[in-house]
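Taken straight from TrEMBL:
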DOMAIN    A:135-423  domain 'NADH:quinone oxidoreductase/Mrp antiporter transmembrane'
TRANSMEM  A:6-24  transmembrane segment
TRANSMEM  A:31-54  transmembrane segment
TRANSMEM  A:115-133  transmembrane segment
TRANSMEM  A:139-159  transmembrane segment
TRANSMEM  A:171-193  transmembrane segment
TRANSMEM  A:213-232  transmembrane segment
TRANSMEM  A:279-301  transmembrane segment
TRANSMEM  A:308-327  transmembrane segment
TRANSMEM  A:339-358  transmembrane segment
TRANSMEM  A:370-394  transmembrane segment
TRANSMEM  A:414-434  transmembrane segment
TRANSMEM  A:462-478  transmembrane segment
Amino acid sequence: MKDFPFLSILTLLPLVGAVVVACIPRAKAELAKLVALIWSLVVLALSIVMWVAFTVDSQDRFQFHESYSWIPAWGANFTFAADGIALVMLMLVAVLFPVVILASWHDVDSSRRSAPTYFALLLAFEFTMIGVFAAADIFLFYVFFEIMLIPMYFIIGSFGSGQKQYAAVKFFLYSLVGGLFMLASVVGLWVVGGHTFDFEALVKAGGSINTDTARWLFLGFFVAFAIKAPFFPFHTWLPDSGGAAPAGAAALLVGVMDKVGTFGILRYCLPLFPEASRWFAPAALVLAVIGIIYAALLAVGQNDLKRLVSYTSIAHFGFIGIGIFAFTTQGGTGSVLYMVNHGLATGLLFIVVGMFVARRGSALVSDFGGAGKLVPVLAGVLFFAGLASLALPGTAPFVSEFLVLIGTFSTHKPYAVIATAGIVLAAAYVLWMIQRTTQGTLNPALDAVPAMRKDLTLREKVVVAPLIVLLLVLGFYPKPVTDVINPAVQATLQDVGTQDPTPTVADGKAGR
Amino acid sequence: MGELKLPPIDYGALAPMLILFGVACLGVLVEVFVPRRSRNAVQLVLALLGVAAALTVLVINRNTRIVTIGGAVAIDGPTVFLQGSILVLGAVSLFLIGERSVEAGGAFVAQAAVLVGSDKDSRQSAGQPGLTEVYPLAAFALGGMLLFVAANDLLTMFVALEVFSLPLYLLCALARRRRLLSQEAALKYFLLGSYASAFFLFGIALLYGYAGGVQLSVIHQAAANPQRSQLLLYGGLGLVAIGLLFKSALAPFHIWTPDVYQGAPTPITAFMAACTKVAAFGALLRVLYVAFEGVRWDFQPVLGTVAALTMLVGAILAVTQTDMKRLLAYSSVANAGYLMVGVLALNPDGLSSTMFYLVAYGFSVLAAFAIVTLVRDSDGEATHLSRWAGIGRKSPLLAGVFTFILLAFAGIPLTSGFTAKFAVFGAAVAGGQTWLVIFGVVTSMLIAFPYLRVVVLMWLSEPGETTPAVSIPGFLTSAALGLGVIVTVALGVVPAPLIDLTREASQFVR
């Protein structure tokens, strides 16, 4: 079972699917959608098999190792391997794509653009997402890191709404700028690391890099990942892209693509440049905390639903950031779990918001009001998604947010305390948004829109159900996921060379 | 006085050049003896056969490592590789030059001497068959380029420079449409090129005074001796470098590039962007690596500044362009800067990565200009950027191909643009030129913007009323375009074979 080339097949499968779907003529749009859906379900099935085959208590941090020669002269290989962190991210990708494909079923029908192209782009995007998480060769990682821009660029630019061209170009240029900084660092690392791209070999060589060089190299990687995540002050592209992208694609944008940033920091920045990571940690923590508060405040003030959700997402990435740079097992595990839960919760939120926007024909909060009276079930789902997003106990994000905060509190009390204020603000932006859209007196203009009278269809129920179930199950029983994450996080922290603080007993002397 | 002795000549090693010069002379005879109707076909086949024959001989003699005709010509790894690249890129350029179906009569003027704007001129532009002298001219240019990268002494190099430059000046003036622009381009290119040649020649004189010889190996030995006049050495090196930097279109000697690229017939622009670049950088590599390797610490910072300036100028000015050919011209200036980053690594990797970059860029740029020839209206090519709006709706395949080429120029992975950039940057970091790599990365960000703007224009803008139709490419253009794209993909996905080839070839003989 373990010898089965899971990762390479998992990576290539959506690419083949994208080609197949792209070849379907435009007139047969329904067929294209069906093929895309089935294809993504096959990917999901294969991922589940891989999840089962993953050995939790293994000595091997990286499993499903595969390597094929690519450019021998440079030491670049097609190397795939997954640790617990990568595994849960792959699972998240595999779960979200079929959901989003189903949710986007009618997104393209009304536009003059071709539906097969849209679904082919979604599958192509899945290919790059799986590749970026499965790669264990830095050259290969970089390749996926860059080419993921192209399908998303065309999704936003061709199928988006509002200022889509501006948003698409801004998205592309921001990411490309980050990517090119990383390219400089990749080249530098390749030269000082002995002309190899193999992740594990470079981690071993990492200790011998000169301190100053390592800090510069760290910075190149970090800027790329901070733009991708995004962390304050590199975040301005996300509200534009999230606001302009079709709702399903926006769910993928913040649900999985942005995770590449935080995943990259955990997987590459920390183990490759341990000393630099510790050196830069205070700065990163400050940025993360600013992001939590600043983005939450901006979210409160938004009148555009999709932009609002984008800002909440920036605030959440602040939490993930402090969890990573707290350098504790709880914080690290919490961060990875947060990535998964945030993908599910914000993905759900974006999809539900998309359903509202599709019915109303507008994303402005002020165009709604009292919608719960017309579409009670849909409003209920929005309420649930909102509560999950503000990390209400009983939903999955609570577990991760709590882990992040206690993990941070044990080493960096002030940051944890300030970040806690973000929870209050989260309640404010979510509840106020729900109040203004679904509660209160019915907006007469809303009543006049016939589509607003249709509650959830069967297709939409099928879309939201798995996410709701997952959010509840992981809220009460996160152990299967944390068990997978924990060893990988511990190994990462070992690479960084930090240890968890020993628990202290409150004995009256504490705090002096 | 002793008897004059002929130096030994290895005709096998010189055969590719001799074949091309022979074919060029034959082409002149064809002009005289073959009737006008069949002249184009005969000339094209003759030129292509000549290139193929030269390439065959080159491949057969690929392991030759020799300095021949009294030290004038060195046949070594880089020579063979660069000559091969020039021949292959030249053959693809000949496809574009030979295209006659996209525009009635082809891209070239029917009679160059006809007065612009006269009745005769409107008759010729309406579809009289174009000049066929372009083939022998192109063959002479190709032969000169082959000699240029093989020249082992500065005088031979100068002769080769003139041999390939003069036909190019002429070719630039032969556009069928917008003839004033074309003639202006040719005149500018000729005047500035002559200045550059004069500088080059004066530099040779100074170096002769310094070293007592013009052979690269003699200069190398002389440079090892600090007793000699450093003024002559640096003066000579500087002036010779100006001549080479001019041909390579490096700032501040790049100012001719946008005008000439815009005015010249597009197939000739493609030819210059691909082949001249290989030839110029081939010679630059040889001069710097063979003759001046010993004083690298003195010229590295100066030429490094030139490279940084070139990348900046190319990237920034590309942003402001509104004409597709000028945009591609500034893009080629920026790419010359990246090539220079590879050259300045001054290690074997620098040599091999620069050669890799030359081939990768050559094919991409040929494909790019092949597409430019296809977007046209009744007045010829529609090169203004605004005319490209919404092309993606009308001809998605062509717009898709062009998008791919632009992404390659922007250095997105899985294209040759990325592997090539990675190769030169890697070599430069290993060669201690990290600051140039930083410049390269920053300018790559800048220049991504104009490329992206074109992509946006093609796909995301609504087609305007003036959006021209896209011509259906003839067989020759399709072949050139297809080859360009295939190579751009192949070198992006499986670059290993060519990298290995450039590495095996990265050893100069002295």
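Positions of Cβ are set from backbone N, Cα and C atoms, glycine also.
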Restricting to the same chain and to residues at least six past its boundaries, which positions have a Cβ under 8 Å from a Cβ of the transmembrane segment (A:6-24)? 31-32, 35-36, 39-40, 42-43, 46-47, 49-50, 53, 64, 66, 68, 78, 80-82, 90, 97, 116-117, 119-121, 123-124, 126-127, 130-131, 134
Are there residues at least six beyond either end of the transmembrane segment (A:139-159) with Cβ under 8 Å to its Cβ atoms? List them, or say none. 70-71, 74, 76-79, 107-108, 111, 113, 117-118, 121-122, 124-125, 128-129, 131-132, 165, 167-169, 171-172, 175-176, 179, 182-183, 186, 190, 197, 224, 228, 241, 244-246, 249, 252-253, 257, 260, 264, 268
For the transmembrane segment (A:414-434) against the transmembrane segment (A:370-394), do we get 3 or more Cβ-Cβ pairs below 8 Å once near-sequence pairs (under 6 apart) are dropped? yes
Give the nonlocal contacts of the transmembrane segment (A:339-358) in its own chain as ranges (CB under 8 Å, at least six residues past its ends). 88-89, 91-92, 95-96, 99-100, 103, 106-107, 242, 246-248, 250-252, 254-256, 259, 262-263, 305-306, 309, 312-313, 316-317, 320, 368, 371, 378, 381-382, 384-386, 388-389, 395-397, 399-400, 437, 451, 456, 460, 463-464, 467-468, 470-471, 474, 481
Take the transmembrane segment (A:308-327) and find every residue of the same chain, 6 or more past its ends, with a Cβ under 8 Å from one of its Cβ atoms. 229-232, 235, 238-239, 241-243, 250, 254, 258, 261-262, 265-266, 270, 277-278, 281, 284-285, 287-293, 295-296, 298-299, 302, 334-335, 338-339, 342, 346, 349-350, 353, 365, 389, 401, 403-404, 407-408, 410-412, 415-416, 419, 422, 425-426, 429-430, 433, 493, 496, 498
The transmembrane segment (A:213-232): which same-chain residues, six or more beyond its ends, come within Cβ distance under 8 Å? 145, 174-175, 177-179, 181-182, 184-186, 188-189, 192, 206, 238, 257-258, 260-262, 264-265, 268-269, 272-273, 275-277, 279-280, 284, 287-288, 290-291, 294-295, 314, 317-318, 320-321
